[in-house]
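These notes concern the structure reproduced below.
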């Protein structure tokens with residue numbers, strides 16, 4: 001027999017004629033008696049009405065053309081009929097009969113005795129593709145061939161799927177990968193089968209899904225295969241022919257992807273604000289909606305600690321099964337702002353609505369509902385310290401606004417860790433450098449929330465303290481902030497990055513104080529003469545004007561006394577007390593107040609102000625405070641009044657005989673209506689004892705009247721209101737009794753006074769009575785009775801001069817010496833008799849300048865301006881403070897354009913004569929150029945080495961020396 005596996009023809013040769021009608025195909029078996037297992041493989045042909053059998057050569061040769069099913073079945077038996085040795089024949093006796101009358105069956109050939117073919121032709125035909133199917137839901141690709149191929153030998157990396165039947169226009173293509181990519185699904189030995197199933201690997205399937213327009217439907221699904229991809233079972237391993245990209249094979253059966261994508265896990269990085277999502281298959285990022293994701297603190301939301309992302313969170317990831325989502329600043333901060341959310345793995349869960357995203361086939365996401373929230377897979381905590389990005393300060397409202405680069409925990413706020421300083425770089429050498437640390441009172445007043453922006457109001461002490469300083473927080477440049485790390489933390493407990501004093505943060509915006517200060521209250525101490533005023537903010541005491549302050553007895557200025565202050569010493573501007581200004585009243589003003597009974601009771605103590613009486617640091621003025629009798633007025637009543645408790649004392653008395661009056665001078669204002677003459681006694685001895693001293697005179701006043709003198713501390717007592725006109729007449733009037741008892745007119749006797757405490761009192765309530773001058777032994781042992789004193793008539797103390805001469809009653813008046821101000825010098829110094837004499841400084845005229853400045857006792861000394869010479873130009877013009885500066889024009893090159901311009905008018909002869917240069921570049925006079933050049937030529941030619949005398953004479957370059965001297 002012969003066997004041709006290429007054509008499927010089996011020829012059986014018989015020695016005699018056989019009967020074709022008796023032919024039985026199933027009696028034929030093809031045998032491999034040494035198969036891959038070391039045993040026997042055999043295949044018996046099957047009669048399926050597709051096998052052809054004919055007799056030729058006188059009916060002795062039976063030609064059997066096997067059905068394709070039999071040929072393929074043989075090829076399915078690995079190794080069978082692949083070589084001559086493995087293509088033996090076995091037949092049973094029922095194969096065929098001869099034509100004898102009594103037909104004889106053929107002799108049987110058992111499998112054990114199977115015979116080899118006389119001629120064997122191996123299979124040399126390449127297998128052909130019959131169809132190709134693709135299931136995008138399961139990822140299976142199925143290929144059907146016209147004959148069995150070996151599944152185990154398939155090289156999937158030579159298989160390509162493309163979107164068009166040809167590759168000439170607008171097509172997508174993807175080639176499968178082996179290894180971890182796609183692989184065949186086989187069964188049996190070496191996976192031999194006409195139908196080969198390939199499981200497209202996840203990576204390959206994902207890549208196909210991601211590609212635009214590829215395998216999205218049957219019309220975009222075509223197969224391309226290279227040679228050496230599929231092999232049949234022949235010994236030659238015939239490769240399936242290639243299917244080129246130019247004529248790709250269309251899909252026979254296409255199953256679309258209908259499976260919903262699943263969010264399998266996610267990672268959250270709270271440090272970078274990145275959320276990485278992992279899906280079960282590639283998703284279409286263009287369909288992603290971040291607002292469908294909710295981060296919550298448990299599997300089931302508590303309704304409080306959650307945040308639904310907004311569509312401001314975004315991704316730049318390409319289509320795929322992993323997507324990196326960048327949380328927007330708002331979303332990142334919002335998550336951070338919830339203290340019990342996303343602080344660790346234990347409080348980070350996520351829900352996702354079905355509309356969150358679609359896969360590449362348009363399938364919506366498999367929803368993750370509340371109650372089944374997905375826990376975070378990898379959680380990265382926030383470990384980055386927050387930064388203060390900017391701050392603003394409003395000195396009008398005391399509001400500070402701070403912006404941070406992440407959400408800050410409001411309970412961590414500690415204002416005491418903030419310090420304002422006047423420059424960005426602290427100057428340790430400046431002894432007057434100003435800086436201020438906030439107090440804990442501002443911390444206590446803070447009521448903000450966890451946020452990226454904190455707005456807080458400085459407590460009153462802090463804002464007043466800032467306003468106290470002269471160079472700190474007065475404008476944007478002087479408002480700089482130093483931040484300690486313990487000032488605040490972010491939601492993860494990371495301390496804020498410090499801002500040191502060496503590089504303080506400058507304010508982004510500064511709003512000046514624009515609110516006028518107002519007086520809130522005032523206190524008056526009538527003992528010390530101190531007026532203490534409290535304002536709505538820090539004040540600048542040195543800008544206060546006492547002449548705009550009026551103290552009143554009544555709330556209506558039309559009734560009662562009023563006193564506008566004439567002077568005093570302002571103090572205040574102490575850091576903590578900066579809203580308070582103290583004024584120590586002049587003694588005269590204090591006594592006038594006491595004389596007017598202002599300050600005796602709270603109901604008698606009121607204040608009115610004119611506009612501008614006080615000023616804050618921003619030079620904003622206090623508004624006026626009007627009395628009640630002016631429309632809209634509301635005089636300010638004293639808050640705390642410290643009444644005068646000190647009794648007045650008599651400091652001096654003087655009897656003026658020509659006026660018949662006694663002048664009393666007290667140390668404070670007294671109440672004239674309380675005068676009691678009977679409590680006053682004059683005597684001509686210091687110590688009087690009745691009954692023991694008959695030579696002394698003692699006169700107690702009875703009828704004299706009293707009136708104020710120049711002020712309320714001076715009382716003038718008229719001793720003769722009821723005396724007769726005749727001075728020599730005897731009578732009981734006080735003057736007559738005094739002059740007749742004591743020589744007050746001639747002045748031959750010393751006059752003493754005794755005064756009981758009821759003699760007079762002040763205006764205090766209750767009143768303070770005068771300190772008594774008693775005639776007692778106890779008094780005598782301490783001080784004596786007060787003796788009459790003459791007025792002080794000088795000289796004035798150093799630094800003062802006499803402004804008013806003394807009189808018979810009044811002391812000399814001295815005033816401070818005047819200092820000559822700017823523009824004046826002292827021509828006569830101050831003496832106790834005369835004030836300083838100042839003269840206006842001389843002003844230098846045109847053509848002169850100030851050689852010696854005016855000052856002290858010297859007038860200005862003027863000098864004549866210098867005139868520049870012919871070979872000079874004026875560099876600096878003569879002015880009031882400096883002489884002319886000249887610069888030379890005797891140069892060969894101008895230093896600058898101004899030099900050239902200034903020397904334009906100078907003689908040119910000098911430059912023509914002097915600005916010449918020899919060959920060495922040395923400047924020489926014009927008439928010496930040729931001589932010097934000849935000398936240089938002689939030197940350079942070494943002529944002086946040859947001749948004893950070189951003309952002209954050469955300097956340097958001695959014989960044998962190549963260097964100049």
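Counting begins at 1 with the first residue displayed.
Cβ from N, Cα, C; glycine included.
Annotations in TrEMBL come from automatic prediction, not curation.
Feature list (source: TrEMBL):
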DISULFID  817-830  disulfide bond
DISULFID  820-838  disulfide bond
DISULFID  865-878  disulfide bond
DISULFID  868-886  disulfide bond
DOMAIN    795-838  domain 'TNFR-Cys'
DOMAIN    843-886  domain 'TNFR-Cys'
REPEAT    795-838  repeat 'TNFR-Cys'
REPEAT    843-886  repeat 'TNFR-Cys'
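A count of other CB atoms within 10 A of each Cβ picks out 830 as the most crowded of the disulfide-bonded residues 830, 865, 868, 886.
Each residue contributes its Cα atom, and for residue 830 (disulfide bond) and residue 886 (disulfide bond) those atoms are 45 Å apart.
Tertiary neighbourhood of the repeat 'TNFR-Cys' (795-838): same-chain residues 654, 656, 663, 854-859, selected by CB-CB distance under 8 Å and a gap of 6+ residues from either end. Note: the repeat 'TNFR-Cys' (843-886) comprises 0 helix, 18 strand, 26 coil (DSSP; helix = H, G, I, strand = E, B). A distance of 10 Å separates the Cα atom of residue 878 (disulfide bond) from that of residue 886 (disulfide bond).
The two recorded residues, residue 838 (disulfide bond) and residue 886 (disulfide bond), have Cα atoms 38 Å apart. Of all the Cβ atoms in the protein chains shown, 17 others lie within 10 Å of the Cβ of residue 817 (disulfide bond). Between the listed disulfide-bonded residues, namely 820, 838, 878, the fewest other CB atoms within 10 angstroms of a CB are found at 838. When the Cα atoms are compared, residue 865 (disulfide bond) and residue 820 (disulfide bond) turn out to be 29 Å apart. Across the repeat 'TNFR-Cys' (843-886), the model assigns an average pLDDT of 89.
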